[in-house]
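Pasting in a structure now, in structure tokens, and then I'll have a few things to ask.
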């Protein structure tokens, strides 16, 4: 580790349009500094008024990423963990809603002693406290500011980082601004005007960017970089391309090739050995040697925005890479499935039902589960996916035709899935969240996958298996092979398997939150291997 005299702060903002890749840029900066031996952490400041994204629609917001300590956070924290291996916490993501919630609680308790509570200094002070909290042992803190410069919601956050930049001075802060340089194909031109306007907007709140990352298909010419440098008051060497890549794990190497980490350290007047990027080069080399292709069907209802399944997609990609396999995902809207599925699954090698909420599309998922069970197709059910596998089995094997979850039918006669009693409160913040130990049966497929009797996985659910049906389900071949302890040492079902099926597993937890490109999660590794085995078996039958 490098011993710096003080912690350095890197602020990443975005302009022109949203979804440019600020989170990936921040994660890449973290990975590059980490590869040089520095101790880093990453934080995200979200400008929306929700306290957290837990009750936001995945179609609007994307995935809710869950941390070990049970925080429901922005999906960018998933990128942070996958790129750096540094576990994020509830202290690494804040929203405008959380700031105001804390502010009003303090005001009601009399903490402000009769002061007129205002945006400046009271709101900005709380944001500053979040950014600066528990950073003394770190070399670098990388803070991503959500949204786009110019959004009214972002103004308190921008004012806060301006204040920190002023108080800590240029020697301890750097401002990185990500913009878009659109390419006009009709005239074959790159347009720099949006970047100029974005920097002007940022400057209007008192922040002068030190480095400009420009998102583009191709690099700017030296003349174009000089133009931006002159108009935006940024050195030409600090105008760095954020080029489109086929694989997001190319980004750290790409940014290093264009000297992003070098220029950041130069700004701070820090000398450092070159980064060790061997693991990044290795993962890219492995990803290019795929010899087979498998197709996995994912049945969900949020498929209009694939960011709703971001960690799941990445976990499958990690496992495919380490199995030297190219992954093809066949996305199926669960609401489109009915009993006439005919050729829907003819060319798939596995079926996966991810987590979700609500009864919309549930019957389509159950149809897919039945198809996987009957036809011996590898199946993985996650969270609701596991619960629906139990409902399908209860209905179609045990013939409890009205078996259901109380989430979908509160008055059903056979509630094989029901709500945890202590969670029948508010919708927001009312789930079993975060990492908990799970105890596996030794004589089970899940144990052979993990090779550990006690595992720790992250949860996000408020419904669980009704264990009054456990003996009945097991007597027909659906086996419970993992459990966790609950209030008063009660058990919660965590893993199910089908006794007479090559690979049929349901898990209540979310394994996708703990996968990374360098060490694929064992459950997804096994799932991909099962898919390859099924593909091979199917090929032999055809031949």
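For all residues, glycine too, the Cβ spot is worked out from N, Cα and C.
Sharing the features that Swiss-Prot gives for it:
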ACT_SITE  383  active site, nucleophile
ACT_SITE  510  active site
ACT_SITE  512  active site
BINDING   18, 151, 152, 153, 191, 192, 193, 194, 195, 196, 227  CTP binding site
BINDING   18, 191, 192, 193, 194, 195, 196, 227  UTP binding site
BINDING   19, 20, 21, 22, 23, 24, 76  ATP binding site
BINDING   76, 144  Mg(2+) binding site
BINDING   356, 384, 385, 386, 387, 407, 462  L-glutamine binding site
DOMAIN    295-537  domain 'Glutamine amidotransferase type-1'
REGION    1-270  region 'Amidoligase domain'
In angstrom units, rounded to an integer, how far apart are the Cα atoms of the residue listed as 'active site, nucleophile' and residue 510 (active site)?
7
Of all the binding-site residues given, namely 24, 191, 227, which is spatially nearest to residue 407 (L-glutamine binding site) at the Cα level?
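Nearest listed residue in space: 24.
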Just to verify a number: CA distance, residue 191 (CTP binding site) to residue 20 (ATP binding site), in angstrom, no decimals.
16
Hey, of 18, 19, 152, 193, 385, which of those binding-site residues are within 10 Å of residue 144 (Mg(2+) binding site), Cα to Cα?
none
Please report the distance from the Cα of residue 192 (UTP binding site) to the Cα of residue 19 (ATP binding site), rounded to the nearest angstrom.
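Between the Cα atoms of residue 192 (UTP binding site) and residue 19 (ATP binding site), the distance comes to 18 Å.
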Roughly where does the region 'Amidoligase domain' (1-270) sit in mean pLDDT, to the nearest integer?
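Summarising the region 'Amidoligase domain' (1-270) by its mean pLDDT gives 95.
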Round to the nearest Å and give the CA-to-CA distance linking residue 510 (active site) with residue 193 (CTP binding site).
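So the Cα of residue 193 (CTP binding site) lies 44 Å away from that of residue 510 (active site).
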Using residue 195 (CTP binding site) as the reference point, find which of the recorded positions 385, 386, 512 has the shortest Cα-to-Cα distance to it.
512
Rounded to whole angstrom, what's the largest C-alpha distance between any two of 356, 384, 385, 386, 387, 407, 462, listed as binding L-glutamine?
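Result: 14 Å between the two most distant Cα atoms.
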Which one, from the binding-site residues 21, 23, 194, 356, 385, has the smallest tally of other C-beta atoms lying within 10 Å of its C-beta?
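Per-residue Cβ counts within 10 Å for the binding-site residues 21, 23, 194, 356, 385 bottom out at 194.
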Under 8 Å Cβ-Cβ from residue 76 (ATP binding site), six or more apart in the same chain: what's there?
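Residues satisfying the criterion: 22, 23, 26, 27, 44, 65, 144.
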